[in-house]
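Report on one structure; see the data block that follows.
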Amino acid sequence: MSNSTGEVIFERCIGDNANDVQRSTQRKRTYEEAVEDAGFGLFHGLLLVVCGWANASDAVEILCVSFLLPTARCDLHLSTSDMGLLTANIFLGMMIGGYMWGYLADQRGRQKVLVMSLTVNGVFGALASFAPRFWLFLLLRFISGVGVGGSIPVIFSYFSEFQPRLKRGAMISALATFWMAGNILAAGLAWLVIPRTWVRFSLGGLDFQSWRLFVVLCSVPSLTSALIFSLAMPESPRFLMEAGRETEALRVFCRMFAINHRGSLKTFSICGLHIPSEKKERETRRGGTHTQRFVKLLKQVLAPIRQLFVGELASRSVCLVVIFYCISFGYYGLWMWFPELFKRAEDGGSPCANVSRLQSHDNQSCYPVKTAVYMEGFVTAASNLPGNIFTVLLMDVIGGKALLCCSLLLSSVSVFLIYEVKTKAQSLLISCVFSGVSVVAWNSLDVLGTELYPTQLRSSALGFFTGIGRVAAIMGNIVFGQLVDTNCVIPVLLVSALLLTGGITALRLPRTKQAELT
């Protein structure tokens, strides 16, 4: 995304109007007008690819744990409870990172925070592959989760603030589809790498198995995303305007115009932007004791949460807390265990087979690796595609609220049917149905989350709600880890009930179809 053409246009625009204050004032534009005037085209396509790759990298980093469980549990000597702790661990990091990075993004800028969070994600994710002990692997995956927790909410805030109003719903839905791409990439890598017996060698006393190579490869998308954002991506123009940085915001709009109208004779006509009269205060004032400064900083950090539950934002915030909790407990609690459930279906026919029918958790049950387990994971991941296509085509027609309600209700029904599964084929079919339907709910939440809150709270709000979701994901994985060996019917029916509750709660949300960003 070279900005040389945009710089030339920008300098020409400023130069032509430097002494014409009245004309410049008359040509000032609001944020929505400036986004529309910058056009829609190549810039947005490139932005979609870059942000989409970052979104996919988060999916890869989260889901890679579920694919390595069937083999890593033997090398790390994991019990079923340990596996539940491992899958929950990354969500604990995401819960902490979600609000921390979201707050920093609203205070310091989206682009910088994305670079830092993606780097943390990739570096510590790769280091985890060399951990010889379970406790160290757990710690490194936790730190990687802190990075993932930041990039997920911030990437949607960042992306949405470049989109014209009439295209925003469809474009955010398109960005959300890259989660499916990351899911397929993780499943595909697992299928290609983990069953390979030749990927095994000793490294300083560490038995480097194929699953460790898989963990290293899963960190590559995050590291490449961080590099791209640091070298090529601009700051959000909406954030710059809210921060009172008019010249920088205008420069970004010029760059967007130049790329969208490459080869065109059109000229960029915006030479001024309407900036809020009161700029945000972004630095903690000096003075007072260390304790007083810490208390003041803590109040600033917690202030956005308090604002979410004041006035007209209160009811929608309560609804989103319930919805994020329900869908996160259900989706991640079930999805992270799909590979293990598929393995049990290979052994016993039903994923909820009685524990006496399951093989013991020793090396004999891990090796040789059952390739079918990863093939079924790949098929389940690919079944996201119809739901993603459906969302992109109908988001701006039906609206996020209606799609969210319907998808959560249908997801509840599909999970309930797992209770009746008796064969491996039925297990795979129901898993694919759940995958295709539940992705519509996630895509709808991504759109609603960006449209329901103003710019100064958007990243903090998404970070807070995803933090709530991480608490639910942790609880879901722990519940599955404790009960999957004894009575996995209980967590399955609990997931179905929670998804139903989320669907009913979504009816209380306001309608936001093609709403302007505030």
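Keep in mind that glycine also has a Cβ here, set from the backbone N, Cα and C atoms.
Record note: among 48-68, 489-509, 489-509 is the stretch given as transmembrane segment by TrEMBL. Between the transmembrane segment (83-101) and the transmembrane segment (425-449) there are fewer than 3 Cβ pairs closer than 8 Å, counting only residues 6 or more apart in sequence, so the two stretches are not in contact. Outside the transmembrane segment (425-449) by six or more residues, the chain places 153, 156, 168-169, 172-173, 175-177, 179-180, 320, 323-324, 327, 330-331, 334-335, 338, 341-342, 345, 350-351, 376, 379-381, 383-388, 390-391, 395, 400-401, 403-404, 406-408, 410-411, 414-415, 417-418, 461-462, 465, 502, 509, 512 with a CB less than 8 A from a CB of the stretch. The transmembrane segment (489-509) and the transmembrane segment (318-338) are in contact, since at least 3 Cβ pairs between them lie under 8 Å (pairs 6 or more apart in sequence).
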